[in-house]
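What follows is a set of notes on a single structure, which appears directly below.
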Amino acid sequence: MKDEKQLIEEIKSQVKEELKEEKRREDEAQKYIPKTRSAGEKFVKGFDYAFEGLVFAINNEKNMKFHVLTSILVLFVSLFLNVSRVEMMFLVFSIAFVISCELLNTSLEQAVNLAGEGKKSKEAKASKDLSAAATFVSALNTIFVAYLVFFDKVANFSSSVVLRISRRPSHLALIAVSIVIISTIFFKGIFYKGHGTAFHGGFVSGHTSISFCLATIGAMRVDEGLLIFIFYGLAIIVAESRFEANIHSLPEIIRGAILGTAIALLIFGVFS
């Protein structure tokens, strides 16, 4: 009877191993089967693909790093100069235009390298030079727009400008959140380690940075201790949800909280 029991146990063990192996093969095969996504999932996935392209450009193009840092600087300088909505519209459009041209330039360079298989030719050089020229023209346009917007304001700059801006907390909040978003994308691109998308993972938790930025802004605009507690409580809940879902590690969440809080303190601490 003992031998029969051992035999039965061995058969059970063998069957379990075979089932595990079959399950492993099925899981492996599922990776190569296209998933049917809903319209909403496809829409969100499109943002992920776009973010991956932006990260690639920041990692591989020095000019892209310069454009992103310049965008942050322009937004920051606009706080001092009482830029109108129309002027801000032209600035934002010009910045977006030059960044878009840089992205197209990078895309064309990659396509030319792929088509030419790394071989040099006059046609390939001409294509790259033309796309670089388009980026150069867009950069000149941005400089021209910045000159028209900022020159008179810088020449007539006075402390009264700062006072007028400090009375517009909604403008300060918009600038602070914009800088947080751009900085988050910049840091995700610079420290990209092969994981993370626009909404999942990365060097800095974007959801956490924005939530702590808003919480800090709210805390600086009210005097009620309970409201401040609620603001930061909600921010902590957002951060905790990213950690519980295994989207971000604890260091990434801490970085996001520090980034959002620091930018809000800087903007509202100086101008409010």
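FYI, residue positions are counted from 1 along the chain as it appears here.
For all residues, glycine too, the Cβ spot is worked out from N, Cα and C.
In TrEMBL, annotation is done automatically, which means it is predicted and not curated.
Marked as coiled coil by TrEMBL: 1-32. The divalent metal cation binding site annotation in TrEMBL covers Glu61, Glu109. Annotation source TrEMBL lists transmembrane segment at 66-83, 89-108, 129-151, 171-191, 198-219, 225-241, 253-271. Under the heading substrate binding site, TrEMBL lists Glu102. The active site, proton acceptor annotation in TrEMBL covers Glu102. What TrEMBL records for 196-269 is domain 'Phosphatidic acid phosphatase type 2/haloperoxidase'.
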Spacing of the two Cα atoms, Glu61 (divalent metal cation binding site) and the residue listed as 'substrate binding site', in whole angstrom, works out to 9
The most crowded of the binding-site residues Glu61, Glu102, Glu109, judged by neighbouring Cβ atoms within 10 Å of its own Cβ, is Glu102
If you count CB pairs under 8 A between the transmembrane segment (253-271) and each of 66-83, 89-108, 129-151, 171-191, 198-219, the winner is 198-219
Per the Cβ under 8 Å criterion, with at least 6 residues separating them from its ends, the transmembrane segment (89-108) contacts 53-54, 56-57, 60-61, 63-64, 67-68, 70-71, 74, 78, 83, 127-128, 131-132, 134-135, 137-139, 141-142, 145-146, 149
For the transmembrane segment (198-219), out of 66-83, 129-151, 171-191, most C-beta pairs under 8 A are with 171-191
Secondary structure of the domain 'Phosphatidic acid phosphatase type 2/haloperoxidase' (196-269) by DSSP, residue by residue, totals 56 helix, 0 strand, 18 coil
The correct three-state DSSP answer for Glu61 (divalent metal cation binding site) is coil
